Amino acid sequence: MNDAVGGSRYRAHPHPPTGAKIFAFLLLINVVYGNGVTRHRRDDLKELHVGALFPMEAGAGGWPGGVACRPAVEMAFEDVNNDPRVLNGYVFKLHHHNSKCQPGLAAKKIFELLYKDPVKLILLSGCSPVTTMVAEAAPVWNLIVLSYGASSPALSNRERFPTLFRTHPSANMQNPTRCKLFERFKWKKITIIQSVEEVFTSTAKDLEEQCRERGIRVERQSFYGDPTDAVKTLVRQDARIILGLFYVTEARRVLCQAYKHGLYGRKYVWWFIGWYADTWYYPPPEEGLNCTAEQMAEAAAYHFTTENIMLSRDSKPAISGMTGLEFQKRLTEMIATDPANAGGFPEAPLAYDAVWAMALAFNCTLNSLPKGMDLIDFDYNNTLIFEHLFKCVKDTQFKGVSGQVKFSDLGDRIARTQIEQLQNGKYVLLGYYDSVKHELDWFGNEIWHDGRGPPTDSTIVKESLLTVTIEIYTIVVILAVVAIIASLGLFVFNVQYSYRSVIIQSQPQCNNILIVGCALCSISLVLMGLPAEGITFPREFFSILCHSRISILMIGFTFAYGSMFAKVWIVHRMSASENQELAAISKDEEDGSPWESIRMLIAAMVGRQALVAAALRKISTHAYGSLVARRPCILNQPIPPAKFYTVIASLFGIDMLIILVWIVVDPLQRKEQRFSLQDPPADTEEDIKLLPILELCESNHQEMWIALILGYKCLLLVFGLFLAYESRNLKLRYINDSRFVGLSIYNVAILSLVTGPVVTLLIPSRGDANFAFLSATVLLCTYFSMGLVFVPKIVHIYRVTQSKDEAALANACLRSTISKSDQLRFEQLMKENSELKKQIDIRENRIAECRKILERRLGIAPESSSGALQSTGSVPGKTEITSTSPPSFATNNNNNSSGCQNDENSTIEAYKIQEDTVSSSEDANQNFESGTERATQSTGFNNTTMLLDFNEDTNTGHCSDFDDDSSITSNEILL
Ligand code: ABU
């Protein structure tokens, strides 16, 4: 279609200006253009032809601005042609096509315009993609392009578009306004979603630069056609302040996707371009959007728009004699569609003013051309007329219905920006911004969802320190304080009763160190739980906290465990060395040394249980058997405290060495371990996410230090465990609590060996669990150790008076070396001994009967003392049967071999046994010691051999008189 519109300048003006206004206007025209107002007859008029492209529809996604702009242009042609003040003697003629905002189609239409007569003097275009194409081509034909509807900032380029002017301001003009408002609402991060068109890409780039200069971070998402993926990315990026740069069709698609993805409401603020129609967000059925009008309206609620002012609100009339509002009213009457839905309705004043600018420029050119030259002489090779026209367009300025029309050197229109917000379905003016003067007129009409002010530009990420919960910390601190108080009390007790033997003999100095160790361990727990919930700790002192809590725990452990370790170590050492003295002849004299013990322990670890069992028996027998049996009082001498101090000081020295080297070489520093974001508590209204942070103490070679300390402590624990087991049956008078200490060592070692790896390797990142586990272990060890070592003493002191205590002390030498198991064994032996005596009695009776029978048979009187056998009968109840052979074996227990050769020569020395037994019952302690001594001396704890020892004089050739058959046989031989 190629419509030519010619206006009649004699037609009555539909909205005649007032008389005063007409007068003023005519005066202005006369002054500016110097023309007298003369009327021409229509057939005298010379035609000035203008080619124009209008985007009458959006096409695949563009600006359908021709809907309202073409009527506006036609109106302007009519007004200009009707106005006798401009282009007198000329008539404007418009030749136009529909470009559909598609550059390809526009190119075809432009060729049609240019290669079909008449020659066009100037080209009018709208829509950026089309204008870009036209403005790049036009200089080839010496044509000027005047754009009423191209906003692309890329068009502000004189090298690329040397003949372009536009009444439509560049989209960049809104960017200072946007940045100003982002600052006003304190947004530091915005996200642009744009379609891939040069107009929007260049706008977005300019905005990025401007925002960056103001310290606002800009993220950008582009799409072509379908915005679904781009919107999903916005969700992932946690975009909150979103600026959309696209044509209206794409705007609807984006809004629908925003609704689908929940990108609307209180937390989000959308910014759109302001030149869309007022009801743009309602989905036209032909677009097939998957959103209802209600959904779109809900998603669009309270969005902001920025747009250059395109309609003058000035009450003074423009050059056409109309005010902006009068123009708008006239246009509304002209167009068939609802203005709110008519594409290009906001830009229509620009199109109207573009025609006036053109007319005035032609007027100017007519006056500036050399005499005899006319505008109608123009052809596409006429550079002179082109240059005159170019200069006139450039210098054109007038008051239009869109405001003051004036072109910059780049051909841009300079205008103020207006900011609007969609409130309850209507756009409400919020303010104006003058980007030249940097002035913002703000009316304060903005509305926010829920009335809670501007939302944040992104989720507020609140750092949440993973501290020990206050409940757990409080419980641990209370228990730790109780432990500290208890240790103070025990210290007082230890000092107060230092005169009592039970204290004297328990190495009180050593126990005091145990108390100090327990207190230090408890104190370390108080530091270990920091920072707890609600209890902050200054970051600059965190390194000190790290070292102090570990050091205090290490030293506390060394004092507490070290003092117990020292006791079992010394018991073991003394026992072993004492035994070595007694068993000097033994080739295995080093078997009882601690190092041999370690060797056995290692063997145990590698699974050689059989070897270990044998070795342990050997060590135990070697270390304690002979010692207890033969020298019960040797170990009951006072032990100088220096011995204990030496052990503890050695361990303390190792600790201090590790701690100091650690601090100097590779100090612990505060490190943060960050976890993934978490939702806030359900009742939190704020738009926040929690970032859990765990404060850790770390040094560069953390693993090495952990391995060193754990390795050393574990070795100590295992060794202590072994020593405690080894010395479990031994009781030294001056370490009277060694058995309880041993129990305590079992407890500490097992708990620590379980806790150490769990806390350091399995749950290092779980603040509460880690602290609770560690605290439980430390507190259990502390309470158990203090309890096991001190409660028996307290009970003893309150039950046993001092005098009784001292009396018992006199006998302690004997009892102290006998274990419970040995006592039981002794009692067993006594029982067996009694059984044997009964058997001997039975045999004696039988012997007596035999003797009687023999005497009867031989006719020997019972009183006779002569013959082969003689009964001594010197002791009532006792019978001594003696052979006629010399009685050399009667008291010798080392001549079994000779005894075994001659049963008849055996002597049953029942009296001796009886005597031993009686003696045992008379003096339990002495007999306990003596019996055990004899038993152990011979075979350690071998009962059978012990019995042989007790009955050594009854041995026969069978080497055991407890064998009934052999004994009967010997008697029968006698018979
Ligand atoms: N105000 C309409 C702008 C259209 C365009 O620049 O393409």
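Cβ coordinates come from backbone N, Cα and C, glycine included.
Just so you know, TrEMBL annotations are computer predictions that nobody has curated.
Over in TrEMBL, the protein carries these features:
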type	residues	note
COMPBIAS	864-874	compositional bias 'Polar residues'
DOMAIN	546-797	domain 'G-protein coupled receptors family 3 profile'
REGION	864-903	region 'Disordered'
REGION	917-938	region 'Disordered'
TRANSMEM	472-493	transmembrane segment
TRANSMEM	513-530	transmembrane segment
TRANSMEM	550-570	transmembrane segment
TRANSMEM	644-665	transmembrane segment
TRANSMEM	704-725	transmembrane segment
TRANSMEM	745-765	transmembrane segment
TRANSMEM	771-791	transmembrane segment
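Put simply, of 550-570, 644-665, 704-725, 771-791, the stretch with the most CB pairs closer than 8 A to the transmembrane segment (513-530) is 550-570. The list of residues near the transmembrane segment (644-665) in space but at least 6 beyond its ends in sequence, with Cβ under 8 angstroms from a Cβ of it, reads 507, 509-510, 513, 547, 550-551, 554-555, 558-559, 562-563, 565-567, 569-570, 699, 705, 708-709, 712, 716.
Same-chain residues lying 6 or more positions outside the transmembrane segment (771-791) and placing a CB less than 8 Å from one of its CB atoms are 468, 472-473, 476, 479-480, 483, 486-487, 490, 493-494, 506, 511, 514-515, 518, 521-522, 524-525, 528-529, 553, 560, 564, 737, 740-741, 743-744, 747-748, 751-752, 754-755, 758-759, 763. Per-residue pLDDT, averaged along the domain 'G-protein coupled receptors family 3 profile' (546-797), amounts to 77 for this model.
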